[in-house]
Amino acid sequence: MRTLGAMAIMLVVMGTVIFLSFILRSRDILCGKTMKSHVISAVETSQLMVDHAVYNTMKRNLKKREVLSPAQLLSFFKLPESTSGAISRAAEIMETSIQVMKREQSQFSTDALSADILGTIANLSGCLPFMLPPRCPDTCLANKYRPITGACNNRDHPRWGASNTALARWLPPVYEDGFSQPKGWNPNFLYHGFPLPPVREVTRHLIQVSNEAVTEDDQYSDFLPVWGQYIDHDIALTPQSTSTAAFWGGVDCQLTCENQNPCFPIQLPSNSSGTTACLPFYRSSAACGTGDQGALFGNLSAANPRQQMNGLTSFLDASTVYGSSPGVEKQLRNWSSSAGLLRVNTLHLDAGRAYLPFATAACAPEPGTPRTNRTPCFLAGDGRASEVPALAAVHTLWLREHNRLASAFKAINKHWSANTAYQEARKVVGALHQIITMRDYIPKILGPDAFRQYVGPYEGYNPTVNPTVSNIFSTAAFRFGHATVHPLVRRLNTDFQEHTELPRLQLRDVFFRPWRLIQEGGLDPIVRGLLARAAKLQVQGQLMNEELTERLFVLSNVGTLDLASLNLQRGRDHGLPDYNEWREFCGLSRLETPAELNKAIANRSMVNKIMDLYKHADNIDVWLGGLAEKFLPGARTGPLFACIIGKQMKALRDGDRFWWENTNVFTDAQRQELEKHSLPRVICDNTGLTRVPVDAFRIGKFPQDFESCEDIPSMDLELWRETFPQDDKCVFPEEVDNGNFVHCEESGKLVLVYSCFHGYKLQGQEQVTCTQKGWDSEPPVCKDVNECADLTHPPCHPSAQCKNTKGSFQCVCTDPYVLGEDEKTCIDSGRLPRASWVSIALGALLIGGLASLTWIVICRWTHADKKATLPITERVTTQSGCRKSQGRGISPHKAAAQDTGQEPASGSRVLLCE
């Protein structure tokens, strides 16, 4: 019995252990399946939320195309291009997915959100491909021309400086929740015991000045701030959220004054004269894997705070001319040209010279112009080219300069392929951007002492320097230029005097109006005004004119924007540390008291206003603090912004493998020629001006301070003539269809490197080498890529049908849906389908036919009754009249009267002919 009892107990224990083991294993399996399904569900839910918000945004924009509000206009022109948009959408889906999981996290253990789960979320959301390093090509071409995306400039860090990567952080960001919420998001959050002042209050009390009160710069021309804006658009664009509606709840950001991501509205004071309590503001897109997304990587909430993305290459590479992605570059190039030209406008000329081509988007209309005749915006490497005529003029100058250079290079080197001529011209244009910026522009901004301290002489490429544009530079320091924008656009005649037919214009009358350039004199009057009229001087107490603080992007009476408030709010959105933190970063003393602040600002009244608003010196927004500082000697910035701008410019120069002064980028002789060139020379070669100042940025009087274009030095392009002997065994082949090649040397041998146009895939050898027997392989071919076959990352939204075309694809909508502004999503147009109109028309015809038939039947019946009561003679007469009237256009009634020789009597019966 004891043995049986012991065996029974043993069996029970073993059974219990096995049962518990089974239960635990099953729980792990079940929980694993539950977590996986939960992740998939969270991502699917988030994708629906984000896409629904984006869809509603595009639908609202479609309905409001006639009159855009300033906020809509700003949002539209900060829309990311295709690649940037895909990254922004993926980041928003990933961030929303993690928010969904955080809200439901009580159902799961905290440690369940592992790196594996996060990898799954990154993959399902579409973020993962944009977080991996790109593959760098290993060809001689990779060392000859910079890639359009900026990737692989640094071979060890291929994403440094590339487009669609996160802005660099020189100091950790400050977010109210530690990783994502902007400064000022929570109204009860205190900084050193005080809430931050509303940005609109800061603008009104410290920044804004009337147009009449501005002081003009006695040293520098209006070209100085315009060049600064142009260069800023070459190196930085922070895309806004792809949606202007909240992801949770879908409320329109223009209709809410609550903080609901991505809505972060600018609150207006209670005594504001406007009809709304806030101005719309949309948060910048997060970079993939940061903010709420980064909060769960390793479960370290502060390990990877929210970062913002730069949609452009960081490098000074003339991306304003060529774009920062293959898709944009494809739109800009003239693929039918054998000389590697850029596309030009086919509808308008400027005294025989080219304008920028038109984009598909319509800009602000000329008064009284119907929508169908609205002038489109200009198409350039940067989407903001049409903001103001001066900016469009500079873009146009460089379009013309590229085509001038490419044509000359092709004439000098007839054996060059179209792609070689294009790349060589692009290389020179990029070098000229670097020279004009670093030699002529930046020293005037920093002053000689700060330039020597922070930039200094060039000592060669340094692969340890990260050239990525920093958040503080893009979001604060380089926005100093907004305080130098003049409220007037001055257009001058050939004598550089006020143009009688082209009067001065206020800025509000030129925003996004390219028709003013085309229909009102072309480039020359604008360029003369930039050269011969002064910039606005940045003066404490006169920081920004009211055209920018009260009338920004105003096209109608449907609202306004305030650029100063936008700058301050953007800094808080990006979590920029305060003014004193950045002074300490630059080795400058912290300023804690009004007396200390007055040493840097040197304006007691402004210091008092700052302290009244901010209450504590460590609360001051960095953009305001840097802007308010007194200038350094010979500079146009104070010490803080001189430090930040100088450090950034040095990084852009020293961290760029393709910097024009770097060894092997150009020959020694070519570098000497490049140094001769200047912005005035570019103006001489590409406008109708015959006299220019030697320095385009210095204000001068005409004619004594202007030189003849014949005396302005220029490059000798003969230095680009290729003289290497071409072996008869290796004659340059014909260019491949839908592709091109460039040539270079590798180990002393001639090499051809082939590439296909965007939308085509290379099949065969990418690189062909010249040997003793000729080319070592046949040229490759370029095959069309069927983008529609990609089911993993479909190019069109599910609402659209994908149609493959040669080198591209089209997203097609069924009536009454139309493509949204992303050209991938079908939006309900709000009108009846064409088929419905056809049905209505057919129905109307059917009803009309039935009515006519009914009328004829009734008339016949009535006529038959009348025939029975008429005398024989009357009946015969009437029918006779009807027969006579046929074919002559005479009414039967009148014909009957003619037969009797009488006019028809009033009120007599009119008989119907059969």
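Every residue gets a Cβ built from N, Cα and C, even glycine.
Residues or ranges marked as signal peptide by Swiss-Prot: 1-31. Taken from Swiss-Prot, the feature heme b binding site applies to Asp232, Glu387, His482. The site 'Transition state stabilizer' annotation in Swiss-Prot covers Arg384. Sequence annotations record features per position, and here Swiss-Prot assigns region 'Disordered' to 881-909.
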For this session: Starting from the Cβ centroid of Asp232, Glu387, His482, which together make up the recorded heme b site, report each further residue of the same chain whose Cβ lies within 8 Å of that point, ordered by sequence.
Result: Gly228, Gln229, His233, Arg384, Leu391, Arg479, Gly481, Val485
For this session: Using DSSP reduced to three states, classify Glu387 (heme b binding site) as helix, strand or coil.
Result: coil
For this session: Among Asp232, Glu387, His482, the annotated heme b contacts, find the widest CA pair distance and round it to a whole Å.
Result: 14
Seminar exercise, completed: In all the protein chains shown, the tally of other Cβ atoms within 10 Å of the Cβ of Arg384 (site 'Transition state stabilizer') is 21
Exercise. Three states by DSSP: which one describes Asp232 (heme b binding site)?
Worked result: helix
Exercise. Counting across all protein chains shown, how many other Cβ atoms sit within 10 Å of the Cβ of Glu387 (heme b binding site)?
Worked result: 22
